[in-house]
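Asker: Questions regarding the structure given below will be posed in turn.
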């Protein structure tokens with residue numbers, strides 16, 4: 001990855017131009033000429049940003065790649081259910097997104113543009129990041145159906161229906177990227193209505209629609225789970241043991257979903273907001289911002305970008321921390337014990 005300096009223009013991932021400096025080290029705006037001390041500060045911020053972003057992304061990579069593999073292996077040894085299927089696809093998409101991102105994330109600071117192949121890799125990685133968000137949305141919808149309509153779940157969530165919903169999610173994840181790639185490749189230096197439309201479409205598919213589904217389903221699931229627990233407490237002791245077991249399992253899975261959603265919001269939303277600002281507003285205002293402020297903005301921009309990959313790196317560890325059944329099954333897999341756990 002590279003950070004914009006006095007004479008560089010940024011092209012990173014599917015973002016638009018980040019503010020760059022003019023040929024004389026100044027913006028074409030009201031800022032006074034840079035002093036030697038300001039140049040040194042800008043260089044120091046740029047170097048610190050490069051190191052900081054590389055460290056953050058590397059940590060996500062170190063934990064995320066093996067975590068996704070371990071999650072997939074553990075889930076494949078568990079009883080098949082709509083939840084485990086969606087979680088398996090989530091692990092696959094997380095692994096693919098991280099692996100592809102690692103091929104372009106360490107671009108040298110002196111590089112100015114990605115090659116065509118690197119651009120394609122960036123966009124395929126972004127497709128799988130989007131697919132992960134939609135998989136999480138499917139898990140949240142499945143959890144809501146399980147809590148709200150428990151007797152219809154087996155009819156609604158057949159094997160065929162699950163695979164169709166996952167296929168539809170992947171198809172939707174593909175929608176914005178051909179136009180987004182063309183927009184960046186051919187209109188990157190000119191702000192156009194086309195670029196604005198592509199940005200809105202991309203953000204709708206990437207974060208706004210799946211994020212909205214995730215948050216709404218999580219709130220509804222929490223409300224109905226509380227209501228179901230109160231109802232079971234009032235119906236007496238008939239089938240009390242089975243009821244408790246069912247409540248415990250649903251509570252574990254729902255708690256797992258809640259923590260995963262919190263991680264999703266914390267790691268993804270800040271990057272999405274600053275990316276929208278960069279795409280739609282920054283080009284209109286950057287000439288009014290002095291070079292040091294522009295460099296600090298780039299530091300925040302890339303730091304949030306690097307942190308967004310923790311959303312794809314942390315799921316396995318959330319599963320182990322929040323779901324006793326998953327944790328026990330993982331230990332059985334490690335110890336080569338042939339016992340199946342339901343999820």
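Every residue, even glycine, has its Cβ placed from backbone N, Cα and C.
Annotation comment: TrEMBL describes 64-319 as domain 'G-protein coupled receptors family 1 profile'. Annotation comment: TrEMBL describes 55-75, 87-105, 161-180, 200-222, 253-274 as transmembrane segment.
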Asker: Within the same chain, where does the transmembrane segment (161-180) have neighbours whose Cβ lies under 8 angstroms from its own Cβ atoms, ignoring anything closer than 6 residues to its ends? I mean 6 or more beyond.
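Answerer: Distant contacts of the transmembrane segment (161-180): 14, 82, 85-86, 89, 123, 126-128, 130-131, 134-135, 137-138, 198-199, 201-202, 204-206.
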Asker: Would you mind listing the long-range same-chain contacts of the transmembrane segment (55-75), meaning Cβ under 8 Å and 6+ residues beyond its ends?
Answerer: 1, 84, 87-88, 91-92, 94-95, 98-99, 101-102, 105-106, 303, 306-307, 309-310, 312-317, 319, 326, 329-330, 333, 343
Asker: Would you mind listing the long-range same-chain contacts of the transmembrane segment (253-274), meaning Cβ under 8 Å and 6+ residues beyond its ends?
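Answerer: For the transmembrane segment (253-274), the list is 83, 133, 136, 139-140, 143, 146-147, 203, 206-207, 211, 214-215, 218, 221-222, 225, 300-301, 304-305, 307-311, 314-315, 318-319, 321-323, 326, 343.
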Asker: Can you give the mean pLDDT for the domain 'G-protein coupled receptors family 1 profile' (64-319), rounded to a whole number?
Answerer: 80
